[in-house]
Every structure is written in structure tokens, then in C-alpha cells.
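A quick write-up on the structure given underneath.
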């Protein structure tokens, strides 16, 4: 017979290794029970202790043997690992664990494994299992738990907090279920008392054991066991359906082929390829038949896929094989979001491709374009003076006075000068010396108005007013002002294969065989023609080049045409022009000699034509015939200020034309005002209705030709 030795006093409280700064704020959470249930538990405990001869204050599970029984060796229990404590995850704000999430907001990857393990250990330690349900836990406790998780994992979004708290509740219920199972398997009350967790007081533990060993709870547990027996268990263990789905997508060549049905089959199959039970085997066979019939699941309608054909419709609050937090409503929202994001990504890829193509095209154009030796407004010291011919700039507004000296840089129409295109009728000039500093520029800029301002700068100047003084250099494709604007040199170009079709109209310049067009001499029986208008753009030209092959490429430029395919409007001028070409060339050089010493007479600059008997200088309206009707123009201030007061279009330069019942007269033009720059600028000839430029908007006025800038 063995006797027990009573041991009085309280058992010392052991320190919890997982207690941290959050544990102090949480404390012990006690549930409220009825007073009647507490009294019944106390009476039952007293009766049990009186029957066994144990004192009420004797600590449970601490029985010592005396006498000969003390020498009996107790069998050693095998040490078990127990649940994980996750002590390797330290609280370091600079080294938090990253957790990846799917497009559905579910965690996956290695970070989710650590998160699940840590959350389980955290909730087991700080949330007692004696609480009735997870929803009865206070918000302050949940906040402390979330802060502890957030300090160790990169979780900052609101939806992540909701997901982690739901995961805590599931893990807490699973832990509670395992403890209840151990209580059910215990053979006596003493073993049940020894299973008490350290965060539960003895009184609360007795109440919990009393409830879980009652007959009503046993009936409820049996009903749940019966329901569970009808389900098909999975083989994922702690992995879960979400992580299994992501692993299958990573291993598959086409992630879109991973359907819910394939995930279900994979999760119910063991490593050796067999099903978990006979019910699962039957379902797997049916699933194979559904897939063979060609009815795979579609991502667009998860509620009518092959899985529903196999197992029936899903429950309203949860979709199978898609995690614990997925419902039909949430899935619909994610599908809409995913569709919008896919469309935006597709548009972004398309736009990036367009940008790349444009960048390549621009780079190709830059590489193809010959880089100029000087910049748009570079200084004169950067110009290669051996290759840039010297020139003299003649006044474009009044007479042919020498206003500046410089160097011709380019005659390319696409060349840029002061942020504007050069054009076909102008040349790009570097100004070196200003002979007449107050002479107004042909194209004023925001910082340049006169020749003095343009020294050491690039400007545009009319090609007809730019005299090349380099010996042995013949300007190519630059029309002389007299030849270009003379109405006597107009002509028509006939089709090379037919004499009845007119393909273009223009103005012929010369038949001199030594004249250059596109770098080649003109040759015999050919005419150099400036093309003004094209009737047949697809006509193949007589002498094509690599860049110019059709008439549409020759608009506003020179072209060579057979003399027998050119119809001259004035035959006498056409016959006499060839003989006078050399005299014009010599006259140009003679004109330069006069320009270097002083102003040159108009009779020297413009040789008389064989048709007229008076020079352009003797014309009543000199310069007016060079202005075409409906040409755009800018009106300069008549008071002498160097500014533009309006923009418009030239209506007429006929001296007999009347403007507001007054004859136009010589050296004047009738201009239609389209826009006004200076409202208070006075008009040239005011009337009762029009005194200032603001009054002339939308009407026609008279303006001096020397105050018009035609472009």
C-alpha cells in the first residue's frame, strides 16, 4: 500500500519564453460563465478529491511515492518537439520578411510559410482557448497582434490586415480543436488537468474541461464528425490550395491551363499517384471524363466550370480550391479589376512599341541627314571659310544697296534658321560685316531686327538679293529675281510620250548647255525650268536622280526638260534668252563691282529683256509685279518703328485699284487684314471709319510696298 506525502504551498510560476513586449499588454483573457456552472464544477472537484484522498489545495499532477514504491523506476517519456515557437524571426524594422500576394489577394511563396507559422505561434500563446469564439476577442487584442506581425513582415495594406486576422482566427480554432481532441482522449480527470496551457488559469481550465466533456458537446462533435467523413480529405497539409495552385502555375508552360478541377485532382492525390480514398478515386475518374469531353474550366466564369459539373455548385460564401477568403462576389470584383489591368498593360505595351519605333525613326533621320558644319546661329569662327563662299546682301526693301557682307551657308529648303524653315527662295547666310546697320532683316527674329543685330549670326535672305562673289562658283537652282517673276518667261511642259498632255507649268530660266541642274550640266537641246504648278504628279522626269524621279518631287524647284517638249508662251523671248545668258552672267559680276564701291543702279542689276523697251527701274510700280495676289504678308509700322503691326494677304498691286474710293497709286498694295498685332498703330491712309489697325481687322486697306514683308 502506497501513501502519499502531502506537499503544501503554491507551485512557483515558470517564465514563458515567448513573452515579449506585446504579452504584457494583452494579459490573461477570461470568459464569463454562469455562477451555477461554476458552483457545480467546484462541488465535483471536491467530491473527486475527497474520494481519492487528495487535499483541495494540493497542486495537481505533483504526487510523490514513499516507502518501497519510491525505489521503482518510472519509465522515461520520449521528448517531443511540440509546436513551433518561431524564435528565429526577430523584431527588426530594417529586415522585415517580404510576403508575396496573388492577384486575388492571397499570400504565397516562402514568405507566406513563415507568416503562417509565426501567426499560429503568436495566437496560441496570447489568445486563450477558453474563449467561446474568435469574434468575441476585443479589438485592442487584435490590434496588438497585428502590430506584432507588422513589425516582422512587410504588411502595410488594409486588405492584408483583414486577411491576416482571418488567418489568425482559423489557426486559433485549429489549435483549440487539437486541445479538445486531447481532452477527449484522456482516460481520467487528472490527465485532463495536466494538459492545461500556461496562459489559462486552473479555474478557467476546469470550466473548459467541464464543457468539452459534457454530453451535449459530445453529440455536437459527433454530428460534425459525420459531416467530415463525407468530405474528401486533401494531401496538401499546411501548404493550402493557394500555394498549391501557384506551384502548379509555375511548373506549367501555360499558367492559364491550371483550372480549379486540376487543382482539386492534384490535392486529392498522394505522392505515389494514388487517390486518398475510394471516393476521391471515383471523382478523379469523372474529372478525367469531363476534361476529355472538352469542357475545361474557364477563368471568365468560375461558377459554371468543370469543377461545378463534378461536385455541384459552390456554397454562396466560399469557392472551392481558391483559399479560405474567396467568395463569388469578391471573385467577380477581382475579375473586373484584372480585365481592366490587362487592357491597360496591353495599351501600355503598344504605346511603348510606338515610342520605340518613333525613336528609331528619329535616330535614323538624324543619321541620314548631313550634319552642318556650323549651328543655326553659330559664331563666324566656327565656319570653314575655305568651303563657304563669300557673298553680298542687297537691300530687299528698297533698292539694290549693299547692306551687308557674309558667307553663304546653305540653300537647303529644309534648313532651319531662327526656328523657321528656310524655304525654296531663300539662302542661309552668316553675316560678317554690316554695311548699312539700320537695314531691316528679311525675316526678323525675337532678338534680331536689323543687320547690326545679325552680325555673327545666321539669317535668311532672298536668294535673288544674295550675290555670290567667289570666282568660278555658279549658283545652282537659285532663280534670278527678273527671270523668276517675269511674265514673259512662262512655259508649259508636255508629256515626254505625247504632245497633247500638259504635265506641268513653270518659268524657264536658260538653255545654256553649261548651266547646272542637280549637279549636272544642262547640255544641248534642253531647257532649265522652274516648276510652279503640276498637273500630272506621277509623270516620270527626263533626267531622274536617286532622290528625284517624278514631277511631284520637283515642285518649286528646277527640272531639265527637252526643248521640243516645252511650249513657250512668248517665242521671241525664248529665242533671245539663250544669246543673252552670257551677258546676264557678266552683268552680275559687273554689278558686284559697283556694289562694293557704292549703290548700284537698277539698270546694271537687271538686264533689259528682249521684249520690253524699258527696264524694271523705269516701271511705274517697281516691285509690285514681284508680289503675287493672295500672298501672305506682314505689315510694318509706317511711323518708322521696327515692328509688325498686322498680318494679312496681298489683294492687288494694280495702281488703278481703288481702296475706300481712293485710287491705290504706285508703290502701294491693297492688303486684306487677317490679324492685328498692334491695335493703336495708325493706318497709312485713314478714312472716316478706319483710323487705327484695330478698325481695319477683316477689311482691306492700302499699304506701302516697302513696308510689306511677303512670305
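Cβ atoms here come from the backbone N, Cα and C positions, even for glycine.
Feature annotation from TrEMBL assigns compositional bias 'Acidic residues' to 50-67.
Marked as coiled coil by TrEMBL: 341-368.
Under the heading domain 'Transposase Tnp1/En/Spm-like', TrEMBL lists 392-455.
The domain 'DUF8039' feature in TrEMBL is assigned to 489-568 (among others). Restricting the average to the domain 'DUF8039' (489-568) gives a pLDDT of 86.
Here TrEMBL flags 575-608 as compositional bias 'Polar residues'.
The annotation domain 'DUF8039' is assigned in TrEMBL to 626-708 (among others).
Note: the domain 'DUF8039' (626-708) comprises 7 helix, 35 strand, 41 coil (DSSP; helix = H, G, I, strand = E, B).
Across the domain 'DUF8039' (489-568), DSSP classifies residues as 7 helix, 37 strand, 36 coil.
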